[in-house]
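Student: Following this message is one structure expressed as structure tokens.
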Amino acid sequence: MWWFQQGLSFLPVALVVWSAASFVFSYITAIVLHHVDPLVPYISDTGTIPPERCLFGIMLNVSTFLGMATMYVRYKQVSALSPEKPKILRLNKMGLTLGWMSCFGLCIIANFQKCILYYIHVLGACLTFGVGAIYMLLQTVLSYLMQPELHSKDIFWARLAVFLWSCSSILSMFVSSVVLYSGLYGQNLVQKLHWDPQERGYTSHIISTISEWSLAFSFLSFFLTYIRDFQKISLRAVVSLQGQTLHESPRSFGAEEQALLIAGSI
């Protein structure tokens, strides 16, 4: 059995691989069709013009559901490991709520393009990365509270490092974007897909785009830390029959009469 076949580890693996593929495929398509510049465009710019916009939207919608499933499994795992610790349970519920809000933001990003509905797109980005960063913080805190009995120190330090990576990317992207869109370098830069290195504001643009790619992959790296935990989880379905038929039984029959009828005694 391969490592990604153990338990439910395929969930975070699928989330990371699929999401990375959605960025890469839309980027390649946009570059081949000369819709964006090859040197580090915004991720959103690679999903603005058809046909890459369609590919970008479909694949990120799938990533949304994979993210929700992964976060739910993580929530159930923490609940099962710490059933008598109210503090951990409260943080766990809060984490699930924030995580699903972040996934909803990703769905908004996928379906509302930057160059068409900019403010809605920005709202989705704030939910995805801003609320998502808080989700990462809560999961890091949970990892700290659950060590060393339930979590190794290595997992905690790995998640803390990725969280700090994401925070530095958010800060860098925020500052460079504020400078870029402050009006010092022209108007309607949101619609701009091609940049000349000699243009004013190009440095701020590059810093902002690199920060966005860095932020996206820091989030994917965080979910990679779930793989070892998910290897210890299995999923099974329990079927509970509420009746012996798939149609309504006559009300005049009692339970014993129905059992005898099924057995062939009547």
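For all residues, glycine too, the Cβ spot is worked out from N, Cα and C.
Just so it is clear, the model here is predicted, and its values are computed rather than measured.
This is the feature table in TrEMBL:
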{"type": "DOMAIN", "residues": "8-233", "note": "domain 'CWH43-like N-terminal'"}
{"type": "TRANSMEM", "residues": "12-35", "note": "transmembrane segment"}
{"type": "TRANSMEM", "residues": "55-73", "note": "transmembrane segment"}
{"type": "TRANSMEM", "residues": "94-112", "note": "transmembrane segment"}
{"type": "TRANSMEM", "residues": "118-145", "note": "transmembrane segment"}
{"type": "TRANSMEM", "residues": "157-182", "note": "transmembrane segment"}
{"type": "TRANSMEM", "residues": "202-227", "note": "transmembrane segment"}
Student: What is the average pLDDT across the domain 'CWH43-like N-terminal' (8-233)?
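Tutor: Reported value for the domain 'CWH43-like N-terminal' (8-233) is a mean pLDDT of 91.
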Student: Near the transmembrane segment (202-227), which same-chain residues lie under 8 Å Cβ to Cβ, leaving out any that are not at least 6 residues past its ends?
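Tutor: Here the qualifying positions are 3-4, 9, 11-13, 15-16, 19-20, 23, 39-43, 67, 70, 74, 129, 132, 136, 139, 155, 158-159, 162-163, 165-166, 169-170, 172-173, 176-177, 179-180, 185, 195-196.
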Student: If we skip the immediate neighbours and take only residues 6+ beyond the ends of the transmembrane segment (118-145), which ones have a Cβ under 8 Å from one of its Cβ atoms?
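Tutor: Here the qualifying positions are 44, 71, 74, 78, 85, 87-88, 91-92, 94-95, 98-99, 101-109, 112, 151, 155-156, 159-160, 162-163, 166-167, 170, 190, 215, 219, 222.
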